Amino acid sequence: MLKRMVKVATVMATSVIAIPYALAILANLLYGWPRCENKYARALHPKKVFLLNCALLDQLFKVKYLKLVLRSRYFHSTAPRSRLIKDISYGTHDSTLDMYWPRGKGTDDRCPVVVFVYGGTWASGDKAMYALLCTHVADALQVIVCCPNYATYPKGYVDDMVQDIVDCVTWVHKNASLYGGDEEEITLIGHSAGAHLCVMAVLELVMKRLIHTPLPPLAVPSGVTSISESIRFDEQHFDGSSAGPSSGDVSNGENGATGAPPGGGEGRLDPAANSGSFIFVEGQMQKNTDSFCVVEEGIGGRTSGSSDGSDEAPDGATGSKPAGQGEGDIADESGSDGDAELAEPLVVAKGERLLSQSQRELKDLLNSVKTVVGLAGVYHIGDHYEFESARGVEDISSMSRAMYGPENFDRFSPVYVVQNLPKNTSMPPIHLIHGADDHVVPVSSTIKLHRTLSELGCKDTRMTILPECGHIDICFDLMDESRRHHHSVMQEVMQAVQSNS
């Protein structure tokens, strides 16, 4: 009897150790071992294994959302063309988007357009999973909803994803009228990583209009021998052309038919202005007369070889100061006051085509974005990395890799970018919503961005904290009216959209 008890105790003790370590090894094999010295010792440290298993156990509770996902995919596959057109091509990364029409929409009605950007740690997700959410939002707000896929990691890095969202907004602005939408009434709604991308996309557009404190140059992660290897330049991305299918081909990926809305119509669009173009800028020859830099306009710009030169110039001009906070349309911030000392334009070669027309298009695009709604977003990458570390998942998370490593966390953090904008910079209204019981992205993320925007002088920024609401609930509950937080979240979204339309 005693021998049998000892045997059972030994098996149980072995299982308590073996199973958690087996799960930890499997997770690291699937998602990658830590990129550091002594990576195996780090990954298999007892504390790390314990925290990782707790995080994996927490993932099991997501099974309760499986029914919603299956229902959403079924609706996506069976919805009539009067409600949904699928797989319309846009942008420079062979990405596609779906468009949803509200129930009972008349053929002559022009509706505002909502662009919904899903989350998924910058590495997963698919627009078909959110079909129910999109159709509920379309019906409740009487808007057209556009849901794009984007180049998630490892297909793309964070700047590729931001550019996809900019391209999507540009596509909507160019083509919304062909589908019964109002191209001057665009709202961005994003969840989790999608909220991060929405805010970054708007900042991308804003920063193209401003002379601002230069962002730090893109660092080369350890183990990469060159900056070009790190960011994997594609030829068509570097010269601004696209070797893939034309982004203006509005086609249905299932049957090749033109993706026109009910009643006909077709649209064509080049990728977002300068979405893939780079400009050559002469460095400010101070310490090193041989230095120069190659930059891309906006937050997606990558810099090489310059330590103290200006990173970016707004469409052919430098030295200008932004205008004060505007009301209504985004103010034209390309002017300067009387005390400003104007520098000679540094843009040459490939940048010569960035003239007043693209400035006009950029202003129109910014003016068309009436509001941004962030649901449980990640707005400070460094803080979130520390939070992931406390949960033991930082090494298997794709966030660090998608951001080009910790060296560039600040560069792709909305909080940091906003802190470096001039005071009273004109911004679209931003409404941040977060659940108080979010254990995936802490509510402090939203609080910090709201405080930073307020300090910048953005008057049209709001924050709502929903009690007893979790990270997935704030998004998935929009898929079903019977869900606990459906009406509270929908009401906040509706208020944000309608108050700024």
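Note: Cβ is positioned from N, Cα and C throughout, glycine not excepted.
Small disclaimer: the values here were computed from a predicted structure and weren't measured.
If you look up TrEMBL, you'll see 97-204 marked as domain 'BD-FAE-like'.
The annotation region 'Disordered' is assigned in TrEMBL to 236-274 (among others).
The region 'Disordered' feature in TrEMBL is assigned to 297-338 (among others).
Residues or ranges marked as compositional bias 'Acidic residues' by TrEMBL: 329-338.
Counting residue by residue with DSSP, the domain 'Peptidase S9 prolyl oligopeptidase catalytic' (395-472) contains 29 helix, 12 strand, 37 coil. Here TrEMBL flags 395-472 as domain 'Peptidase S9 prolyl oligopeptidase catalytic'.
The helix, strand and coil residue counts that DSSP assigns across the domain 'BD-FAE-like' (97-204) are 49 helix, 27 strand, 32 coil.
Averaged over the domain 'Peptidase S9 prolyl oligopeptidase catalytic' (395-472), the predicted model reaches a pLDDT of 94.
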